[in-house]
């Protein structure tokens with residue numbers, strides 16, 4: 001019998017049914033709006049460079065990920081799965097497809113920046129839309145293969161309530177393998193590649209005599225630091241979860257602490273998908289202009305009112321300043 005069935009984990013369940021759904025809701029709202037805006041801008045402006053392709057697919061993978069969150073939110077809040085066996089498999093699949101796609105496209109973007117900055121005169125000329133499309137296909141294929149086990153083994157189960165779980169064979173070997181897959185494919189390899197790329201990029205940026213280099217260096221450091229801070233705790237806890245199935249953490253205190261840690265670090269890691277549009281898109285001056293242009297086309301009435309209000313406010317300020325000057329002049333005279 002599993003430890004979870006023997007231990008009293010009422011506090012963990014209370015946290016899972018109240019606070020986690022609330023946090024998931026915030027992640028869904030901000031992640032959905034931000035990434036949808038990125039997709040709309042890239043498609044609307046017909047941006048078709050290698051960077052644009054990566055940015056578009058990063059946003060799509062984030063959208064796949066956040067689309068699964070309302071289902072998990074309802075599941076956790078209600079305490080049972082109410083969407084059937086097919087949706088259990090589909091939502092689990094979308095969740096992992098988005099997860100792996102998100103990580104892999106961040107790696108591709110890091111490698112692309114490495115080529116642009118470090119090998120600008122040699123390898124960078126081989127960057128093309130065709131290459132970007134080919135890499136995109138490979139990334140989605142790898143994400144698909146990595147997500148298949150979860151989809152195959154996810155199923156509803158009628159216990160005290162209807163649950164949606166990944167039910168692996170009893171020996172737990174495949175379950176442990178999926179944890180290691182998550183750690184290695186979803187964290188260790190991406191972190192190593194990104195660290196290498198940006199470790200080479202920073203010295204190159206430092207050597208370039210431009211006023212924009214400091215901002216570029218800060219952005220590079222921000223990308224790596226945020227990835228490390230948001231994903232390291234979650235991957236460390238999932239590694240400990242794999243040890244649990246090897247017979248460690250058999251006592252209830254250790255098990256409950258592990259469950260607490262998993263829920264908290266999971267929410268922290270999921271929040272990273274909300275930051276991707278900010279990190280990769282909105283920090284750029286060009287992208288900000290495109291967002292404003294798109295919003296002006298979508299909401300012309302609102303923007304025209306904002307302009308008229310701004311003009312009226314400016315005229316009032318000018319009038320006040322003019323009157324103040326007249327009063328001051330009169331006093332002086």
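A Cβ is built for glycine as well, from the same backbone N, Cα and C atoms used for every other residue.
Of the candidate ranges 153-174, 219-240, TrEMBL annotates residues 219-240 with the feature transmembrane segment.
Residues 21, 24-25, 27-28, 31-32, 35-36, 38-39, 42-43, 47, 83, 87, 91-92, 94-95, 97-102, 104-106, 108-109, 112, 132, 136, 139-140, 143, 270, 273, 276-277, 280-281 of the same chain lie 6 or more positions beyond the ends of the transmembrane segment (54-73) yet place their CB under 8 Å from a CB of it.
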